[in-house]
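S.K.: Sharing a structure, written as structure tokens. Questions coming.
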Amino acid sequence: MERWTLREFEAAARERLDPAHYDYFAGGAGDEITVRANEAAFARLGLLPRVLRGAAKLQTGVTLLGSRAAMPVLVAPTAFHRLADPEGERATARAAAAAETIMIVSMASTVAVGDVAAAAPGAELWFQLYLQPDESFTETVVRRAEAAGCRALVVTADSPVHGRRERDLRNGFLDLPEHLCCENMRDGDRVRPIVMSPELSWRHLDRLREMTSLPIVVKGVAHPEDARIALDHGISAIMVSNHGGRQLDTVPAAVDLLPDIVAAVGGAVPVLLDGGVRRGTDVLKALALGAAAVAVGRPVIWGLAAGGERGVASVLALLRAEVEQALTLCGCACLADLDAGMVRRPC
Ligand SMILES: Cc1cc2nc3c(=O)[nH]c(=O)nc-3n(C[C@H](O)[C@H](O)[C@H](O)COP(=O)(O)O)c2cc1C
Ligand SMILES: CC(C)CC(=O)C(=O)O
């Protein structure tokens, strides 16, 4: 069946997935106020198109930290892809490579990052990291990501503890089924749990900076002051994110956080955003407000569950086609033609 919108992919995924797994992917923390806000905030913003600008030749490519993407839509790091498809992250990476975009491999992937890279030659991979209180194990994981050819590390900073995911509590979904595990966490003949620790601080990030020459992106920045502090710690990019509403509930929508963070960063490093991006027009709004690119989390999972590698490829192709069409309708030839004056905030 042909699917015309991301919503149709979600409906197909929901039909195929174990209901507890669907809830894990779809759900968020607490009352899921932030989950809903992320999408609703995009819907509330309007786009003001420009006309008759002779913008014939479209250009949607971006270069981020030395990695090239054919469109400003990246694959956000999401855990447990083998719950959605037996090929899991291998399938996602192949589809990202075919779409010529960057996949941020989760530390909680169910295929080891080296195997993901091997399955998708030519894929541009970044690696998402939860800094571990045991820094020698953090280093082990960093070396795995480097050896796999990942071109940046994305440190998730919004998770000093796990969010309160009430769907998971109700469903008793607390761990992966026995045949799956977080493959990057192997340590000899055991698999370590991913530790979330409130003790982590910028000092840990400084030590990561000394550990690797890869560019470091801080993911999960919501407060402009933290964006400023990140710059003092030699960060290469900032990712505005509320973790898709899965950590602290009632954090404002990601796109509503964006302008203040862009202002705080003042162009020093690229600002990325994820949370609630479901349409090409959402991508344009984020870029017009100063994001260098966006990332999508759940839409990729819906594609994977609905149709494996082909499903993810279709989701990414759909987003690219929507970006191109919306850009043309906005009278823009390239992403740099977008500016904040083209976004109408609600009165
Ligand atoms: C099922 C699921 C698993 C996730 N796993 C991770 C993860 O392992 N690491 C991480 O930094 N963020 C994780 N995230 C958050 C995403 O990277 C991203 O911030 C969020 O999904 C963006 O919102 P969206 O789903 O509305 O696009 C996860 C999100 C979902 C939905
Ligand atoms: C394994 C989890 C920590 C992955 C995650 O970040 C999430 O489910 O949002």
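Any Cβ shown, glycine's included, is placed from N, Cα and C.
Pulled from TrEMBL, these are the listed features:
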type     : residues                                                                : note
ACT_SITE : HIS243                                                                  : active site, proton acceptor
BINDING  : TYR24, ARG165, HIS243, ARG246                                           : glyoxylate binding site
BINDING  : 77-79, SER106, GLN128, TYR130, THR156, LYS219, SER241, 274-278, 297-298 : FMN binding site
S.K.: What is the biggest Cα to Cα gap, in Å, among TYR24, ARG165, HIS243, ARG246, the residues listed as binding glyoxylate?
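M.R.: Largest Cα to Cα distance for the glyoxylate-binding set is 13 Å.
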S.K.: Determine which residues of this chain, when TYR24, ARG165, HIS243, ARG246 are set aside, have a Cβ within 8 Å of the centroid of the glyoxylate site's Cβ atoms, and list them as they appear in the sequence.
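M.R.: Apart from TYR24, ARG165, HIS243, ARG246, the close residues are GLY27, GLY28, ALA29, GLY163, ASP168, GLY244, GLY245, GLN247.
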S.K.: Tell me the Cα distance separating TYR24 (glyoxylate binding site) from ALA79 (FMN binding site), rounded to the nearest angstrom.
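M.R.: Computed Cα spacing between ALA79 (FMN binding site) and TYR24 (glyoxylate binding site) is 10 Å.
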S.K.: May I ask which of the binding-site residues TYR24, ALA79, THR156, VAL277, GLY297 have a CB within less than 6 Å of any atom of ligand 2, listed in sequence order?
M.R.: ALA79
S.K.: Which chain-mates of VAL277 (FMN binding site) that are at least 6 residues away have a CB under 8 A from its CB, listed by sequence?
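M.R.: Result: PHE42, VAL73, VAL283, ALA286, VAL294, ALA295, VAL296, PRO299.
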S.K.: Which secondary structure state does DSSP assign to the residue listed as 'active site, proton acceptor', in the simple three-class scheme?
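M.R.: Helix, per DSSP.
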S.K.: Rounded to an integer, what is the Cα-Cα distance in Å between GLY275 (FMN binding site) and TYR24 (glyoxylate binding site)?
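M.R.: Counting only the Cα atoms, the answer is 16 Å.
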S.K.: What are the non-local neighbours of GLY297 (FMN binding site), defined as same-chain residues 6+ apart in sequence with CB under 8 A from its CB?
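M.R.: ALA76, PRO77, THR78, GLY244, ASP274, GLY275 - these are the non-local Cβ neighbours of GLY297 (FMN binding site), listed in sequence order.
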S.K.: By CA distance, which of the recorded positions (GLN128, SER241, HIS243) lies nearest to ARG165 (glyoxylate binding site)?
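M.R.: Nearest candidate: HIS243.
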S.K.: Given the recorded positions TYR24, HIS243, ARG246, find the one whose Cα is closest in space to the Cα of GLN128 (FMN binding site).
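M.R.: That would be HIS243, nearest by Cα distance.
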S.K.: Rounded to an integer, what is the Cα-Cα distance in Å between THR156 (FMN binding site) and ARG246 (glyoxylate binding site)?
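M.R.: Per the Cα atoms, THR156 (FMN binding site) and ARG246 (glyoxylate binding site) stand 13 Å apart.
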S.K.: Restricting to the same chain and to sequence separations of six or more, state which residues have a Cβ under 8 Å from that of the residue listed as 'active site, proton acceptor'.
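M.R.: The list for the residue listed as 'active site, proton acceptor' reads THR156, ASP158, SER159, GLY163, GLY220, GLY275, given in order along the sequence.
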